[in-house]
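Enquirer: Once you've had a glance at the structure underneath, I'll fire off some questions.
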Amino acid sequence: MKKNDAFVQILIVGFISFCCPGIFNAMQGLGGAGGKNPDAGNAANTALYATFAVCGYFGGPVFNALGNRWCMCLGGLCYAIYSVCMYIVGNVDNTAWVAPLGGAILGAGAGIFWTAQGGMMLAYSTPDNKGWYISVFWIIFNLGGVAGGLIAFGINFHEESGQANPALYFTFIGLMCVGALSSLILLANPRKVIKEDGSAVEVTPAGSAIEDIKGALLVATNLDMLLLFCTFLSSNWFYTYQLNYLNAFLFNIRTRGLNSTLYWAIQMAGAYVVGKILDSVKHRAKTNARNSYFLVQFAMIAFWAGSIAIQYGFEGGYDKDRVITESVDMSQSKRATGIIILFIISGFADSVLQAFSYWMIGGVARGDTTLTARYTGYYKGLQSAGAAVAWGLDLKVNYRIQMWIAIGIWALAALTCYPAVNRVADAEHAPKVEAADLEAAVEDVPRSGISA
(Lines of atoms letter the chains of each structure in order from A and count residues from 1; the text may use other names and numbers.)
(Lines give C-alpha, C1' and ligand atoms only; values in the text may rest on other atoms or scores of the structure.)
Protein backbone atom coordinates (compact mmCIF):
# COMPACT_ATOMS: atom_id res chain seq x y z
CA MET A 1 0.00 0.00 0.00
CA LYS A 2 1.14 3.50 -0.82
CA LYS A 3 0.73 6.74 1.11
CA ASN A 4 -1.82 8.08 -1.38
CA ASP A 5 -4.06 4.97 -1.19
CA ALA A 6 -7.44 5.93 0.22
CA PHE A 7 -7.35 3.28 2.93
CA VAL A 8 -3.87 4.34 4.06
CA GLN A 9 -5.10 7.91 4.34
CA ILE A 10 -8.04 6.74 6.47
CA LEU A 11 -5.56 4.99 8.76
CA ILE A 12 -3.56 8.22 9.01
CA VAL A 13 -6.66 10.30 9.72
CA GLY A 14 -7.54 7.74 12.39
CA PHE A 15 -4.06 8.03 13.96
CA ILE A 16 -4.25 11.83 14.11
CA SER A 17 -7.71 11.57 15.66
CA PHE A 18 -6.35 8.95 18.09
CA CYS A 19 -3.84 11.52 19.38
CA CYS A 20 -6.08 14.59 19.47
CA PRO A 21 -9.85 14.09 20.01
CA GLY A 22 -9.24 10.48 21.09
CA ILE A 23 -7.03 11.55 23.99
CA PHE A 24 -9.42 14.44 24.67
CA ASN A 25 -12.20 11.87 25.01
CA ALA A 26 -10.15 10.04 27.61
CA MET A 27 -9.89 13.27 29.58
CA GLN A 28 -13.61 13.91 29.23
CA GLY A 29 -14.30 10.31 30.21
CA LEU A 30 -12.85 11.06 33.65
CA GLY A 31 -15.70 13.54 34.16
CA GLY A 32 -15.10 17.28 34.67
CA ALA A 33 -12.05 17.01 32.37
CA GLY A 34 -10.21 15.23 35.19
CA GLY A 35 -10.84 18.01 37.71
CA LYS A 36 -12.21 17.77 41.21
CA ASN A 37 -14.91 20.37 40.56
CA PRO A 38 -17.12 19.48 37.55
CA ASP A 39 -18.37 23.09 37.24
CA ALA A 40 -15.10 24.13 35.56
CA GLY A 41 -15.49 21.31 33.05
CA ASN A 42 -19.12 22.28 32.47
CA ALA A 43 -18.21 25.91 31.78
CA ALA A 44 -15.48 24.82 29.38
CA ASN A 45 -17.76 22.39 27.58
CA THR A 46 -20.59 24.90 27.25
CA ALA A 47 -18.20 27.37 25.57
CA LEU A 48 -16.61 24.55 23.54
CA TYR A 49 -19.79 23.23 22.00
CA ALA A 50 -21.38 26.64 21.48
CA THR A 51 -18.33 27.69 19.44
CA PHE A 52 -18.11 24.28 17.78
CA ALA A 53 -21.73 24.59 16.65
CA VAL A 54 -20.94 27.68 14.58
CA CYS A 55 -17.44 26.74 13.41
CA GLY A 56 -18.52 23.19 12.59
CA TYR A 57 -21.50 24.28 10.50
CA PHE A 58 -19.41 26.78 8.55
CA GLY A 59 -16.18 24.76 8.52
CA GLY A 60 -16.35 24.26 4.74
CA PRO A 61 -15.07 27.71 3.73
CA VAL A 62 -12.12 27.37 6.14
CA PHE A 63 -11.38 23.90 4.77
CA ASN A 64 -11.37 25.24 1.21
CA ALA A 65 -9.01 28.05 2.22
CA LEU A 66 -6.53 26.08 4.37
CA GLY A 67 -6.74 22.53 3.01
CA ASN A 68 -6.86 19.21 4.86
CA ARG A 69 -3.36 19.34 6.38
CA TRP A 70 -3.60 22.73 8.06
CA CYS A 71 -7.19 22.20 9.21
CA MET A 72 -6.21 19.06 11.10
CA CYS A 73 -2.92 20.51 12.35
CA LEU A 74 -4.37 23.75 13.72
CA GLY A 75 -7.48 21.98 14.98
CA GLY A 76 -5.35 19.34 16.69
CA LEU A 77 -3.18 21.95 18.43
CA CYS A 78 -6.36 23.48 19.87
CA TYR A 79 -6.93 20.20 21.76
CA ALA A 80 -3.50 20.66 23.38
CA ILE A 81 -4.29 24.29 24.26
CA TYR A 82 -7.52 23.16 25.91
CA SER A 83 -5.62 20.63 28.02
CA VAL A 84 -3.17 23.31 29.14
CA CYS A 85 -6.09 25.52 30.16
CA MET A 86 -7.74 22.75 32.18
CA TYR A 87 -4.44 22.03 33.94
CA ILE A 88 -4.15 25.71 34.89
CA VAL A 89 -7.72 25.78 36.22
CA GLY A 90 -7.09 22.73 38.41
CA ASN A 91 -3.73 23.84 39.79
CA VAL A 92 -3.65 27.68 39.90
CA ASP A 93 -5.96 29.70 42.14
CA ASN A 94 -8.45 32.23 40.75
CA THR A 95 -8.21 30.97 37.17
CA ALA A 96 -11.79 29.73 36.64
CA TRP A 97 -12.09 32.12 33.66
CA VAL A 98 -9.48 30.08 31.78
CA ALA A 99 -11.88 27.13 31.46
CA PRO A 100 -14.41 28.76 29.09
CA LEU A 101 -11.54 30.43 27.20
CA GLY A 102 -9.93 27.04 26.57
CA GLY A 103 -13.31 25.63 25.61
CA ALA A 104 -13.97 28.39 23.08
CA ILE A 105 -10.52 27.94 21.49
CA LEU A 106 -11.07 24.20 21.19
CA GLY A 107 -14.57 24.74 19.77
CA ALA A 108 -13.11 26.76 16.90
CA GLY A 109 -10.34 24.23 16.30
CA ALA A 110 -12.58 21.18 16.55
CA GLY A 111 -14.94 22.72 14.00
CA ILE A 112 -12.33 22.75 11.26
CA PHE A 113 -10.71 19.49 12.44
CA TRP A 114 -13.93 17.48 12.14
CA THR A 115 -14.92 19.16 8.88
CA ALA A 116 -11.65 17.94 7.35
CA GLN A 117 -11.99 14.50 8.95
CA GLY A 118 -15.55 13.94 7.75
CA GLY A 119 -14.81 15.22 4.27
CA MET A 120 -11.86 12.87 3.82
CA MET A 121 -13.48 9.82 5.41
CA LEU A 122 -16.59 9.96 3.22
CA ALA A 123 -14.92 11.28 0.05
CA TYR A 124 -12.22 8.59 0.02
CA SER A 125 -14.70 5.70 0.39
CA THR A 126 -16.85 4.06 -2.26
CA PRO A 127 -20.54 3.09 -1.87
CA ASP A 128 -19.47 -0.51 -1.23
CA ASN A 129 -17.00 0.19 1.59
CA LYS A 130 -18.40 3.31 3.25
CA GLY A 131 -19.50 1.41 6.36
CA TRP A 132 -16.09 -0.28 6.60
CA TYR A 133 -14.18 3.00 6.33
CA ILE A 134 -16.39 4.58 8.99
CA SER A 135 -15.86 1.64 11.35
CA VAL A 136 -12.08 1.52 10.75
CA PHE A 137 -11.77 5.21 11.50
CA TRP A 138 -13.98 4.89 14.58
CA ILE A 139 -11.97 1.95 15.93
CA ILE A 140 -8.61 3.74 15.60
CA PHE A 141 -10.03 7.02 16.91
CA ASN A 142 -11.46 5.29 19.98
CA LEU A 143 -8.17 3.51 20.63
CA GLY A 144 -7.09 6.99 21.74
CA GLY A 145 -9.78 6.97 24.39
CA VAL A 146 -8.77 3.45 25.46
CA ALA A 147 -5.06 4.29 25.63
CA GLY A 148 -5.75 7.57 27.40
CA GLY A 149 -8.05 5.82 29.85
CA LEU A 150 -5.35 3.23 30.63
CA ILE A 151 -2.78 6.00 31.13
CA ALA A 152 -5.19 7.83 33.43
CA PHE A 153 -5.95 4.63 35.31
CA GLY A 154 -2.26 3.91 35.88
CA ILE A 155 -1.23 7.45 36.85
CA ASN A 156 -4.25 7.98 39.10
CA PHE A 157 -4.31 4.50 40.66
CA HIS A 158 -3.14 5.77 44.06
CA GLU A 159 -4.54 9.30 43.66
CA GLU A 160 -6.83 10.33 46.52
CA SER A 161 -7.24 14.07 45.88
CA GLY A 162 -10.30 13.62 43.66
CA GLN A 163 -8.64 15.15 40.59
CA ALA A 164 -6.21 13.89 37.97
CA ASN A 165 -2.48 13.78 38.65
CA PRO A 166 -0.67 16.70 36.90
CA ALA A 167 1.53 14.20 35.04
CA LEU A 168 -1.60 13.02 33.22
CA TYR A 169 -2.19 16.44 31.67
CA PHE A 170 1.39 16.74 30.41
CA THR A 171 1.24 13.24 28.92
CA PHE A 172 -1.99 14.08 27.11
CA ILE A 173 -0.65 17.43 25.87
CA GLY A 174 2.42 15.72 24.38
CA LEU A 175 0.34 13.13 22.53
CA MET A 176 -1.97 15.82 21.14
CA CYS A 177 0.97 17.82 19.80
CA VAL A 178 2.42 14.73 18.12
CA GLY A 179 -0.86 14.02 16.35
CA ALA A 180 -1.42 17.61 15.27
CA LEU A 181 2.06 18.14 13.83
CA SER A 182 2.06 14.77 12.05
CA SER A 183 -0.82 16.07 9.91
CA LEU A 184 1.60 18.25 7.97
CA ILE A 185 3.83 15.26 7.18
CA LEU A 186 1.52 12.28 6.72
CA LEU A 187 -1.63 13.58 5.05
CA ALA A 188 -1.70 13.46 1.25
CA ASN A 189 -3.13 16.08 -1.05
CA PRO A 190 -6.70 14.90 -1.86
CA ARG A 191 -5.95 15.33 -5.58
CA LYS A 192 -3.40 12.50 -5.33
CA VAL A 193 -5.56 10.02 -3.38
CA ILE A 194 -6.67 6.84 -5.18
CA LYS A 195 -9.79 4.96 -4.02
CA GLU A 196 -10.00 1.17 -3.69
CA ASP A 197 -11.84 0.89 -7.03
CA GLY A 198 -8.94 2.65 -8.78
CA SER A 199 -10.72 5.97 -9.27
CA ALA A 200 -9.21 9.27 -8.21
CA VAL A 201 -10.70 11.81 -5.85
CA GLU A 202 -11.66 14.81 -7.94
CA VAL A 203 -11.25 18.20 -6.30
CA THR A 204 -13.48 20.86 -7.83
CA PRO A 205 -12.39 24.51 -7.74
CA ALA A 206 -13.45 26.25 -4.55
CA GLY A 207 -15.90 29.12 -4.77
CA SER A 208 -15.69 32.26 -2.70
CA ALA A 209 -16.30 32.23 1.05
CA ILE A 210 -19.68 33.91 0.51
CA GLU A 211 -20.71 31.23 -2.00
CA ASP A 212 -19.62 28.48 0.41
CA ILE A 213 -21.63 30.02 3.23
CA LYS A 214 -24.72 30.27 1.02
CA GLY A 215 -24.32 26.62 0.06
CA ALA A 216 -24.01 25.63 3.71
CA LEU A 217 -27.17 27.54 4.62
CA LEU A 218 -29.13 25.78 1.87
CA VAL A 219 -28.45 22.41 3.51
CA ALA A 220 -31.01 23.22 6.21
CA THR A 221 -33.77 23.29 3.56
CA ASN A 222 -33.23 19.65 2.53
CA LEU A 223 -36.09 17.38 3.65
CA ASP A 224 -33.82 14.53 4.75
CA MET A 225 -31.69 16.90 6.81
CA LEU A 226 -34.83 18.27 8.44
CA LEU A 227 -35.94 14.73 9.31
CA LEU A 228 -32.51 14.04 10.80
CA PHE A 229 -32.46 17.31 12.75
CA CYS A 230 -33.40 15.75 16.11
CA THR A 231 -31.11 12.76 15.58
CA PHE A 232 -28.13 15.03 15.01
CA LEU A 233 -29.14 17.36 17.85
CA SER A 234 -29.40 14.46 20.30
CA SER A 235 -26.23 12.65 19.21
CA ASN A 236 -23.99 14.26 21.89
CA TRP A 237 -26.70 15.52 24.24
CA PHE A 238 -26.45 12.49 26.53
CA TYR A 239 -22.68 12.90 27.05
CA THR A 240 -23.29 15.20 29.99
CA TYR A 241 -25.38 12.60 31.78
CA GLN A 242 -23.04 9.73 30.88
CA LEU A 243 -19.79 11.42 31.86
CA ASN A 244 -20.75 13.76 34.69
CA TYR A 245 -23.35 11.62 36.46
CA LEU A 246 -22.70 7.95 35.75
CA ASN A 247 -18.93 8.38 35.94
CA ALA A 248 -17.72 11.57 37.66
CA PHE A 249 -20.56 11.93 40.18
CA LEU A 250 -20.70 8.33 41.35
CA PHE A 251 -17.11 6.98 41.04
CA ASN A 252 -13.71 7.88 42.48
CA ILE A 253 -10.92 9.07 40.18
CA ARG A 254 -9.14 5.74 39.58
CA THR A 255 -12.38 3.92 38.74
CA ARG A 256 -13.32 6.76 36.40
CA GLY A 257 -10.14 6.00 34.46
CA LEU A 258 -11.07 2.31 34.23
CA ASN A 259 -14.60 3.20 33.14
CA SER A 260 -13.27 5.54 30.47
CA THR A 261 -11.12 2.71 29.08
CA LEU A 262 -14.06 0.32 28.94
CA TYR A 263 -16.33 2.98 27.44
CA TRP A 264 -14.07 3.73 24.48
CA ALA A 265 -13.15 0.05 24.04
CA ILE A 266 -16.78 -0.98 23.56
CA GLN A 267 -17.14 1.83 21.03
CA MET A 268 -14.71 -0.02 18.77
CA ALA A 269 -16.88 -3.12 18.93
CA GLY A 270 -20.01 -1.09 18.23
CA ALA A 271 -18.42 0.60 15.21
CA TYR A 272 -17.36 -2.78 13.80
CA VAL A 273 -20.83 -4.29 14.23
CA VAL A 274 -22.71 -1.42 12.62
CA GLY A 275 -20.13 -1.20 9.81
CA LYS A 276 -20.71 -4.86 8.93
CA ILE A 277 -24.47 -4.31 8.91
CA LEU A 278 -24.28 -1.20 6.74
CA ASP A 279 -22.01 -2.81 4.12
CA SER A 280 -23.89 -6.14 4.02
CA VAL A 281 -24.18 -7.44 0.44
CA LYS A 282 -27.06 -9.75 1.40
CA HIS A 283 -29.56 -6.89 1.56
CA ARG A 284 -30.44 -3.67 -0.22
CA ALA A 285 -29.10 -0.40 1.17
CA LYS A 286 -32.53 0.49 2.51
CA THR A 287 -32.70 -2.79 4.45
CA ASN A 288 -29.20 -2.22 5.85
CA ALA A 289 -30.24 1.25 6.95
CA ARG A 290 -33.35 -0.07 8.68
CA ASN A 291 -31.41 -2.82 10.46
CA SER A 292 -28.88 -0.27 11.69
CA TYR A 293 -31.68 2.07 12.78
CA PHE A 294 -33.26 -0.65 14.93
CA LEU A 295 -29.86 -1.56 16.41
CA VAL A 296 -29.39 2.08 17.42
CA GLN A 297 -32.83 2.28 19.02
CA PHE A 298 -32.42 -1.03 20.85
CA ALA A 299 -29.11 0.15 22.31
CA MET A 300 -30.59 3.49 23.36
CA ILE A 301 -33.59 1.79 25.01
CA ALA A 302 -31.23 -0.43 27.00
CA PHE A 303 -29.15 2.57 28.07
CA TRP A 304 -32.06 4.76 29.16
CA ALA A 305 -33.90 1.92 30.90
CA GLY A 306 -30.76 1.18 32.90
CA SER A 307 -30.25 4.88 33.62
CA ILE A 308 -33.75 5.18 35.09
CA ALA A 309 -33.05 2.18 37.30
CA ILE A 310 -29.74 3.61 38.55
CA GLN A 311 -31.03 7.16 38.92
CA TYR A 312 -33.91 6.16 41.17
CA GLY A 313 -32.85 2.76 42.52
CA PHE A 314 -29.12 2.85 43.33
CA GLU A 315 -28.91 3.26 47.12
CA GLY A 316 -32.08 5.33 47.14
CA GLY A 317 -31.03 7.52 44.20
CA TYR A 318 -28.26 10.13 44.25
CA ASP A 319 -28.45 13.59 42.70
CA LYS A 320 -27.19 17.13 43.22
CA ASP A 321 -29.65 17.49 46.10
CA ARG A 322 -28.53 14.14 47.60
CA VAL A 323 -24.79 13.85 47.06
CA ILE A 324 -23.11 10.46 47.40
CA THR A 325 -21.00 10.35 50.57
CA GLU A 326 -18.67 7.49 49.60
CA SER A 327 -17.67 7.41 45.94
CA VAL A 328 -17.94 4.00 44.31
CA ASP A 329 -14.65 2.12 43.84
CA MET A 330 -14.04 -0.72 41.42
CA SER A 331 -13.15 -3.01 44.34
CA GLN A 332 -16.74 -2.73 45.62
CA SER A 333 -18.24 -5.25 43.22
CA LYS A 334 -21.78 -5.09 44.59
CA ARG A 335 -21.91 -1.30 44.20
CA ALA A 336 -19.85 -0.92 41.03
CA THR A 337 -20.79 -3.77 38.68
CA GLY A 338 -24.25 -2.62 37.56
CA ILE A 339 -23.22 0.98 36.93
CA ILE A 340 -20.07 -0.03 35.05
CA ILE A 341 -22.12 -2.35 32.81
CA LEU A 342 -24.56 0.49 32.12
CA PHE A 343 -21.65 2.80 31.29
CA ILE A 344 -20.36 0.20 28.81
CA ILE A 345 -23.83 -0.07 27.23
CA SER A 346 -23.90 3.71 26.84
CA GLY A 347 -20.59 3.57 24.96
CA PHE A 348 -21.95 0.94 22.57
CA ALA A 349 -25.09 3.02 21.98
CA ASP A 350 -22.99 6.11 21.28
CA SER A 351 -20.77 4.40 18.71
CA VAL A 352 -23.59 2.81 16.71
CA LEU A 353 -25.47 6.12 16.67
CA GLN A 354 -22.43 8.08 15.39
CA ALA A 355 -21.56 5.52 12.69
CA PHE A 356 -25.21 5.31 11.61
CA SER A 357 -25.42 9.12 11.35
CA TYR A 358 -22.32 9.32 9.15
CA TRP A 359 -23.64 6.57 6.89
CA MET A 360 -27.00 8.32 6.56
CA ILE A 361 -25.18 11.48 5.47
CA GLY A 362 -23.42 9.52 2.74
CA GLY A 363 -26.67 7.84 1.73
CA VAL A 364 -28.64 11.08 1.51
CA ALA A 365 -25.89 12.76 -0.52
CA ARG A 366 -25.98 9.82 -2.99
CA GLY A 367 -22.41 10.09 -4.22
CA ASP A 368 -21.97 13.87 -4.30
CA THR A 369 -19.26 14.57 -1.76
CA THR A 370 -19.68 18.34 -1.96
CA LEU A 371 -23.08 17.74 -0.42
CA THR A 372 -21.49 15.20 1.92
CA ALA A 373 -19.08 17.80 3.29
CA ARG A 374 -21.89 20.29 3.82
CA TYR A 375 -24.13 17.69 5.44
CA THR A 376 -21.26 16.73 7.73
CA GLY A 377 -20.93 20.38 8.80
CA TYR A 378 -24.68 20.50 9.44
CA TYR A 379 -24.39 17.32 11.52
CA LYS A 380 -21.46 18.53 13.61
CA GLY A 381 -23.06 21.94 14.06
CA LEU A 382 -26.34 20.53 15.38
CA GLN A 383 -24.52 17.91 17.44
CA SER A 384 -22.45 20.58 19.13
CA ALA A 385 -25.41 22.90 19.64
CA GLY A 386 -27.22 20.12 21.50
CA ALA A 387 -24.14 19.37 23.58
CA ALA A 388 -23.73 23.07 24.46
CA VAL A 389 -27.29 23.21 25.78
CA ALA A 390 -26.83 19.97 27.73
CA TRP A 391 -23.59 21.13 29.38
CA GLY A 392 -25.24 24.46 30.17
CA LEU A 393 -28.17 22.69 31.83
CA ASP A 394 -25.76 20.72 33.97
CA LEU A 395 -24.67 23.91 35.72
CA LYS A 396 -28.11 24.34 37.31
CA VAL A 397 -30.39 21.34 36.66
CA ASN A 398 -30.55 18.11 38.66
CA TYR A 399 -29.47 14.92 36.93
CA ARG A 400 -32.89 13.26 37.04
CA ILE A 401 -34.38 16.20 35.10
CA GLN A 402 -31.47 16.15 32.65
CA MET A 403 -32.12 12.45 32.10
CA TRP A 404 -35.79 12.95 31.25
CA ILE A 405 -35.03 15.85 28.90
CA ALA A 406 -32.48 13.68 27.07
CA ILE A 407 -34.95 10.78 26.88
CA GLY A 408 -37.60 13.08 25.40
CA ILE A 409 -35.23 14.39 22.70
CA TRP A 410 -34.11 10.85 21.87
CA ALA A 411 -37.74 9.66 21.53
CA LEU A 412 -38.52 12.54 19.16
CA ALA A 413 -35.36 11.75 17.19
CA ALA A 414 -36.36 8.09 16.87
CA LEU A 415 -39.74 9.07 15.41
CA THR A 416 -38.48 11.65 12.92
CA CYS A 417 -35.44 9.64 11.79
CA TYR A 418 -37.37 6.63 10.53
CA PRO A 419 -38.93 8.41 7.50
CA ALA A 420 -35.42 9.48 6.47
CA VAL A 421 -34.24 5.87 6.73
CA ASN A 422 -37.04 4.82 4.40
CA ARG A 423 -35.96 7.46 1.87
CA VAL A 424 -32.46 6.01 1.50
CA ALA A 425 -32.42 4.25 -1.87
CA ASP A 426 -30.02 1.59 -3.13
CA ALA A 427 -26.88 3.38 -4.25
CA GLU A 428 -26.68 1.60 -7.60
CA HIS A 429 -30.26 2.56 -8.59
CA ALA A 430 -30.54 6.03 -7.05
CA PRO A 431 -30.28 9.08 -9.32
CA LYS A 432 -27.24 11.10 -8.38
CA VAL A 433 -28.09 14.36 -6.66
CA GLU A 434 -25.52 17.05 -7.36
CA ALA A 435 -24.82 19.93 -5.01
CA ALA A 436 -25.38 22.26 -7.94
CA ASP A 437 -28.87 20.80 -8.46
CA LEU A 438 -29.83 21.66 -4.89
CA GLU A 439 -28.47 25.18 -5.19
CA ALA A 440 -30.04 25.81 -8.57
CA ALA A 441 -33.44 25.43 -6.98
CA VAL A 442 -32.75 28.64 -5.09
CA GLU A 443 -29.95 30.41 -6.97
CA ASP A 444 -26.86 29.67 -9.02
CA VAL A 445 -24.09 28.96 -6.50
CA PRO A 446 -20.87 27.27 -7.76
CA ARG A 447 -19.82 24.05 -6.07
CA SER A 448 -16.72 23.79 -3.92
CA GLY A 449 -14.79 21.18 -1.95
CA ILE A 450 -13.89 17.54 -2.53
CA SER A 451 -16.08 15.49 -4.84
CA ALA A 452 -16.05 11.94 -6.05
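Keep in mind that glycine also has a Cβ here, set from the backbone N, Cα and C atoms.
Where the annotation comes from TrEMBL, it is an automatic prediction and has not been curated.
As listed in TrEMBL for this protein:
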| type | residues | note |
| --- | --- | --- |
| TRANSMEM | 7-27 | transmembrane segment |
| TRANSMEM | 47-66 | transmembrane segment |
| TRANSMEM | 73-90 | transmembrane segment |
| TRANSMEM | 96-116 | transmembrane segment |
| TRANSMEM | 136-155 | transmembrane segment |
| TRANSMEM | 167-188 | transmembrane segment |
| TRANSMEM | 223-241 | transmembrane segment |
| TRANSMEM | 261-281 | transmembrane segment |
| TRANSMEM | 293-314 | transmembrane segment |
| TRANSMEM | 339-361 | transmembrane segment |
| TRANSMEM | 403-421 | transmembrane segment |
Enquirer: Looking at 47-66, 73-90, 136-155, which one has the highest count of Cβ pairs under 8 angstroms to the transmembrane segment (96-116)?
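Expert: By the under-8 Å Cβ criterion, the transmembrane segment (96-116) pairs most with 47-66.
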Enquirer: Kindly say whether the transmembrane segment (261-281) and the transmembrane segment (47-66) touch, using the definition of 3 or more Cβ pairs under 8 Å where each pair is 6 or more positions apart.
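Expert: Answer no, regions not in contact.
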Enquirer: Determine which residues of the chain contact the transmembrane segment (167-188) at the Cβ level, with the cut-off under 8 Å and only residues 6 or more beyond its ends counted.
Expert: 3-4, 9, 12-13, 15-20, 23-24, 26-27, 34, 68-70, 72-77, 79-80, 83-84, 86-87, 90, 148, 151-152, 155-156
Enquirer: Could you give the residue numbers and ranges of same-chain residues that sit at least 6 residues beyond the transmembrane segment (293-314) on either side and whose C-beta is under 8 angstroms from one of its C-beta atoms?
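Expert: Cβ under 8 Å, 6 or more out: 238, 241, 245-246, 250, 270, 273-274, 277, 338-339, 341-342, 345-346, 348-349, 352-353, 356, 399-400, 403, 406-407, 410, 414, 417-418, 421.
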Enquirer: Can you name the far-off residues of the same chain, 6+ from the ends of the transmembrane segment (73-90), with a Cβ under 8 Å from a Cβ of it?
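Expert: Long-range Cβ neighbours of the transmembrane segment (73-90): 16, 19-21, 23-24, 27, 33-36, 40-41, 44, 48, 66, 96, 98-99, 101-103, 105-106, 108-114, 116, 163-164, 166, 169-170, 172-173, 176-177, 179-181, 183-184.
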Enquirer: Looking at 7-27, 47-66, 339-361, which one has the highest count of Cβ pairs under 8 angstroms to the transmembrane segment (136-155)?
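Expert: Selected stretch: 7-27, with the most Cβ pairs under 8 Å.
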